[in-house]
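Feature annotations, courtesy of TrEMBL:
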DOMAIN    32-279  domain 'G-protein coupled receptors family 1 profile'
TRANSMEM  14-38  transmembrane segment
TRANSMEM  93-111  transmembrane segment
TRANSMEM  131-149  transmembrane segment
TRANSMEM  197-217  transmembrane segment
TRANSMEM  229-251  transmembrane segment
TRANSMEM  263-281  transmembrane segment
Amino acid sequence: TEFILHGLTQDRTVAKVCCLFFSLFYTTTVLGNLLIIVTIRTSDQLNSPMYFFLSYLSFIDISYSTVSAPKLIHDLLVEEKTISFAGCMGQLFGTHFFGCTEIFLLMAMAYDRCVAICSPLHYPSMVSPRLCGCLVAASALGGFVHSLVQTLLVLQLPFCGPENGVDHYFCDIHPLLALACADTRAASVTVAVSSGVISLGCLAVLAASYGTILASLRTRSPKGRLKALYTCSSHIAVVLLFFGPCVFVYLRPSTTLPADKVVSVFYTIIAPMLNPFIYTLRNRDVKNGMRRLWSRVVKR
């Protein structure tokens, strides 16, 4: 009926320090991404497809971090880190749903930048508002299918105990497979293939998109080349920050390594927190939109 999460650390002093930092990180994630959403939704100047995708990326980052961060912060302060079976399955589903949706959305953003830089004259017709809505919906559908497969794999396994300790700070697929009292080799292969196809396929598409952009820059003026690289560098930074840890954790056989918990912090807490800074600190339009929003708030 329930699992016990082992958490990040058993050292009480370290746990309190981590609780302080993760509380700050999570608050920054929520406020920073909410600020981006409100700025984009209220600014007439930020109505291009790039900002449309960015607002949904911010929403996903908030949701993704919320699946695991509040529970982690709470568990760092208590002795008994229990979670119900239903809560565990919900956490597993939510983590993979929002994580996979973000991967597909990053692909859509790469396509948007590729068309904007390589075919600027055809950009309005090739990246229409209807297509943008379809890409976001397809990203969510892809995330739903992937997370449903992962969750159903776990639900059909017997957990007969007596061990019910999940060696992680949230319910993830590999630690749960290790607790099942059944042969999980088929499930492990399915997880590895599913995660591998999605991750490597998306990486290939992203690499092709940015490779096309770099190839097209050879014919541009130095000023145009610098502007395009300036825009794409933010997207590439987000992709590397998110994909690197995910590849380390999921693209291998179903084994649990001590480093998994630390690496998972990067894509569940650190990356969602840094995304607002990566996009706003290097984007003049977003910063101007925030100034206009602040001016309206002050005048009221």
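Glycine is treated like the rest: Cβ placed from N, Cα and C.
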Stretch among 14-38, 131-149, 197-217, 229-251, 263-281 sharing the most Cβ pairs under 8 Å with the transmembrane segment (93-111): 131-149
Considering the transmembrane segment (14-38), which listed stretch of 131-149, 197-217, 263-281 counts the most C-beta pairs under 8 Å: 263-281
The domain 'G-protein coupled receptors family 1 profile' (32-279) [mean pLDDT, rounded to integer]: 85
Folded-back contacts onto the transmembrane segment (131-149), same chain, C-beta under 8 angstroms, at least six residues removed: 49, 52-53, 56, 92-105, 107-108, 111-112, 190, 194, 198
